[in-house]
Amino acid sequence: MAGNREFFYRRLHSLLGVIPVGIFLTQHLVVNYFATRGPEAFNRAASFMANLPFRYFLEIFIIFLPLLFHAIYGLYIAFTAQNNVSRYGYFRNWMFVLQRLTGIVTLIFVTWHVWETRVQAAFGAEVNYEMVANIVDNPLMLAFYIVGIVSTVFHFANGLWSFCVSWGLTVTPRSQQIFTYVTMVIFVALSIVGIRAILAFA
Amino acid sequence: MSEKKTIRLIVTRQDRPDSAPYEEEFEIPYRPNMNVISALMEIRRNPVNAKGEKTTPVTWDMNCLEEVCGACSMVINGKPRQSCTALIDKLEQPIRLEPMRTFPVVRDLQVDRSRMFDSLKKVKAWIPIDGTYDLGPGPRMPERKRQWAYELSKCMTCGVCLEACPNVNSKSNFIGPAPLSQVRLFNAHPTGAMHKAERLAAIMGDGGLANCGNSQNCVQSCPKGIPLTTSIAALNREATIQMFRNFFGSDEV
């Protein structure tokens, strides 16, 4: 095993993207959706999440450490690829490039988003409806958030597809094809959830 | 009289492994039923470029001339393939010939595919049948499985899948699709299966199976139609099982 870590890191990267990061993302988007029921509903849900027992433990081990590893190792993976869609314009090759591109966009978006919300909360700001409403009051920021959400959801949905291949769940071309449809439905569905939620703040 | 039909070729040339590549254009007389190799042979016969200047003949690799050896692979009009089965009548002109730059270029269109053969050694892509005494006949293989394995055995180490793969490049040490699929082939053989864990260990090492990024260019490009991505996914499943076996399993070999 020693000096032979690449396999382990790659598999860990694939696993962490789904469990826990992907699950957290889904949960986060669902909680945000409370905003469509008005500021009160959102504030109740947000304060419920913020007051979960063992909050710091959960944040560190369910969100930040897995996210950090996934992001840093993912950057390494993205920059070791030599993209060649101009020569090989196949569907899966496009998805390969988009996965790397959305990964980088997502990293920029999430870093900004964490700075604006969680870090500000650590400095004493209160995370509530008003905080997000103030952010997306600026149409440029709203556009940035929509791009960020769609990019994150795409990266998750398409990542779910490659997770299934990387762990040997979908082996046959047929199962991989069907799973392409399944993950694209997940992409569209979660995008609608995410965009409707952010528009509820605007 | 009627104008003589010609073929236009633009060849990416390189004089030495470390020198800069350059393009040279050729115009050669047309004959019916030519392939890229016969066009290159025509240049060799009369090494004069399109400007009428005398030049050196273009170097390339070839052997079987029937698409089973894999030696004559090159990038033809942007796609890697064998030059023996690339028919002039089916190609858009000018025909652009480039070496498969994923491999070290020896000269002109000739590349060094040694890394592929080294990979085959690394993954033990053979069936050990030698002993200090007569080992007798091996176990039989069901006919249906033999037919299936035959498809995987068509791999001719031509390098097209490595050329098409975005993860096989100078920044990464990924061994590429071809040797991975060979692991599946030899692990499927009843005698070869005796070394299954060793082969899996080799591809679960650095630069192995996990470096696949699922762009699936390989399966689209393979001239032999080998189900490379199915092989990779199947090996992923095997590796998952092996991983748990290594960690939680007993010390039984």
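Numbers here mean position along the shown chain, with the first residue as 1.
Note that Cβ sites are derived from N, Cα and C of the backbone, with glycine treated the same way.
Marked as heme binding site by TrEMBL: A:His28, A:His70, A:His113, A:His155. Within the same chain, no residue at least six positions away from A:His28 (heme binding site) has a Cβ under 8 Å of its Cβ.
Under the heading transmembrane segment, TrEMBL lists A:12-36 (among others).
For the transmembrane segment (A:56-79), same-chain residues at least 6 beyond its ends with a Cβ under 8 Å from one of its own Cβ atoms are 9-10, 12-13, 16-17, 20-21, 24, 100, 103-104, 107, 110. The feature transmembrane segment is assigned by TrEMBL to A:56-79 (among others).
Listed as Cβ neighbours of the transmembrane segment (A:91-115) (distance under 8 Å, sequence separation of 6 or more from its ends, same chain) are residues 67, 71, 74-75, 77-78, 81, 83-85, 144-145, 147-149, 151-152, 154-155, 158-159, 161-162. Residues or ranges marked as transmembrane segment by TrEMBL: A:91-115 (among others).
For A:142-166 (among others), the entry in TrEMBL reads transmembrane segment.
Marked as transmembrane segment by TrEMBL: A:178-199 (among others). Counting residues 6+ beyond its ends, the transmembrane segment (A:178-199) has Cβ neighbours under 8 Å at 26, 29-30, 32-33, 35-36, 132, 136, 142, 145-146, 149-150, 152-154, 156-158, 160-161, 164, 170 in the same chain.
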Residues within 8 Å of the A:His28, A:His70, A:His113, A:His155 Cβ centre (excluding the heme site residues themselves): A:Val21, A:Phe24, A:Leu25, A:Leu67, A:Thr106, A:Phe109, A:Val110, A:Thr152, A:Phe156
